[in-house]
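Colleague: Dumping the structure here so I can ask a few things about it.
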Amino acid sequence: MFIIKGEVSRKDLIREIEKAIKSDELGAFIGAGLSIPAGFCSWKELLREPAEEIGLDVEKESDLVNLAQYYSNSKKRTSIDDLIKGQFSQLVKPTENHKLLSQLPISTFWTTNYDKLIEKALENNMKKPYVKTKDEQLRGTNHNFDAIVYKLHGDVETPEDAVITRSDYEEFGYNKRKLFREVLEGDLLTKTFLFLGFSFEDPNFNYVIGRLRVLLDEKNTRKHYCIMKRVQDADEDYEYKKARQELQIEDLNRYGIFTYLVNKYDEITEILSTLVDRFRRKTIFISGSAYSYSAYSQKTGENFIHKLSFELSKNGYHIVNGYGKGVGEFVLNGVADYCLTHKSKINDFLTLMPFPQNSSLGIDLDKLYKENREQMIESCGIAIFLFGNKEAEDIASGVMDEYELSKKHGLVCLPIEYTGGASKEIYDQTTQEISDKNTISAIEQANKQCDGDIDMSVKNIVQAVKILNKEEF
């Protein structure tokens, strides 16, 4: 039980964020704190020299918005613009937290930051961001994008439109970005937000959540979550800061915002890594090829793959497959069978990435195969290995390559030993290397002897996948 009203446990935080992921309703709100590891020096440090230029001491100023206004008044707006461009154009390398956020199925990002770190992270993860910084960009669009990034305070490329001075805040919602508040209100009503690096001291944001609370009353506001660093014993004025933090957590709870406290910022990365890992484990890479089906007859081997793919789809997993000979077509059949029976879209359950068979226009097939395998595997969390033989190879080299890539990308490998070929080789290697009890349990479950009963084999493999998607974290 928590002393502070509005504080949540790590387990509850992850569970609620996963619910939002499952319903495709997760949004992220990114504040300046997330950019500090990338080189952002904090607003106080940013304004230290400007304050000295106008005869002030930043340490004696509690209102940095007013300080920015004084500097703008004294040195003209272009000086503020140069300050923004000089600081934020240097932030070019996304942090680990930005990278992890880009791997989650988040289609809506809001940020008060001027930098391009989240956009860059999305692009590096093969996603197209659509950045919106002004009202004209809010109207309907046919743009092909994977995520919208709303920049509440503007962008480094147009510093003259950035919100930083008192005058900028006064004009926000009236002369500039008139519609941004309404769009943010809509997203706060329909999505579950995770706030990271955000201080909740921004007047524009506080206006929006205050308006929603009044319109809906506290009982009907949607739940959102934030992660903050706990005030530490060694901090100056510890008792005062601790009391203030507790009061802030209780106050945020009025707006439906629940807080998880970390002792160090590295814990944020750990939480995001857990979320990414658990999300990826809902996507399963099936690796394999089969010129022959080991101890199975051809018909039984084909039915085994069909039934396994059907049951994985039935349990809500998405399958990725490279359409290897003797395996891919029956993976497709199994998923298609499920989707037709349950009136579902096959794209929601299956991604096929076949390998080109012949070179054209001088394409290097080996290079293309490697890139194809990388793209297949990097989005998955579990790899199931079936059979793995070819007409001229008892142990298919391509399946072994996929095993090495799976390890490189951190997938949990589930080789089915009794299907023979590369899968048996991978089983022998994996069981010698792993020490994680959960993974060992899953591999043992998947490889229980069933005396050729493919229905029982399929049941055991699906159960192994469920073990790897355990509730504990």
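Backbone N, Cα and C atoms are what each Cβ position is placed from, and that goes for glycine too.
Per Swiss-Prot, the features are:
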{"type": "DOMAIN", "residues": "3-282", "note": "domain 'Deacetylase sirtuin-type'"}
{"type": "BINDING", "residues": "Asp115, His153", "note": "NAD(+) binding site"}
{"type": "ACT_SITE", "residues": "His153", "note": "active site, proton acceptor"}
{"type": "REGION", "residues": "283-473", "note": "region 'SLOG (STALD) domain'"}
{"type": "BINDING", "residues": "Gly288, Ser289, Phe355, Arg373, Lys390, Gly398, Glu402", "note": "3'cADPR binding site"}
Colleague: Among all protein chains shown, how many Cβ atoms are found within 10 Å of the Cβ of Ser289 (3'cADPR binding site), not counting that one?
Modeller: 23
Colleague: Which number gives the other C-beta atoms within 10 angstroms of the C-beta of Glu402 (3'cADPR binding site), all protein chains shown included?
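Modeller: Total other Cβ atoms inside 10 Å, all chains included: 27.
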Colleague: Pairwise over Gly288, Ser289, Phe355, Arg373, Lys390, Gly398, Glu402, annotated as binding 3'cADPR, what's the top Cα to Cα distance to the nearest Å?
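Modeller: Between the most distant Cα atoms of the 3'cADPR site, 18 Å.
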Colleague: Using DSSP with the three-state reduction, classify His153 (NAD(+) binding site) as helix, strand or coil.
Modeller: coil
Colleague: Does anything in the same chain, at least 6 positions from Arg373 (3'cADPR binding site), have a Cβ under 8 Å from its Cβ, and if so what?
Modeller: Gly322, Asp401, Glu402, Leu405
Colleague: Just going by other Cβ atoms within 10 Å, which of the binding-site residues Gly288, Gly398 has the emptiest spot?
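Modeller: Relative to the other binding-site residues in Gly288, Gly398, Gly398 has the fewest Cβ atoms within 10 Å.
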Colleague: If one measures from the C-alpha of Gly288 (3'cADPR binding site) to the C-alpha of Asp115 (NAD(+) binding site), what distance in angstrom results, rounded to a whole number?
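Modeller: Approximately 44 Å lies between the Cα of Gly288 (3'cADPR binding site) and that of Asp115 (NAD(+) binding site).
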Colleague: Give me the CA-CA distance between Phe355 (3'cADPR binding site) and His153 (NAD(+) binding site), in Å, as a whole number.
Modeller: 45
Colleague: Between Lys390 (3'cADPR binding site) and His153 (NAD(+) binding site), find the distance joining the two CA atoms and give it rounded to the nearest Å.
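Modeller: Cα-Cα distance, Lys390 (3'cADPR binding site) to His153 (NAD(+) binding site): 58 Å.
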Colleague: According to DSSP, which of helix, strand or coil covers Phe355 (3'cADPR binding site)?
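Modeller: DSSP assigns Phe355 (3'cADPR binding site) to coil.
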Colleague: If you draw a 10 Å sphere on the Cβ of Asp115 (NAD(+) binding site), how many other Cβ atoms land inside?
Modeller: 27
Colleague: Sort out the sequence-distant neighbours of His153 (NAD(+) binding site) for me: same chain, 6+ apart, CB within less than 8 Å of its CB, listed by position.
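Modeller: Counting only residues 6 or more apart in sequence, the Cβ neighbours of His153 (NAD(+) binding site) under 8 Å are Thr112, Asn113, Tyr114, Ala162, Val163, Ile164, Asn204.
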Colleague: Give the three-state DSSP assignment (helix, strand or coil) for Asp115 (NAD(+) binding site).
Modeller: coil
Colleague: C-alpha of Asp115 (NAD(+) binding site) to C-alpha of Gly398 (3'cADPR binding site): distance in Å?
Modeller: 42
Colleague: Would you mind pulling the DSSP three-state label for Gly398 (3'cADPR binding site)?
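Modeller: Gly398 (3'cADPR binding site) sits in a helix per DSSP.
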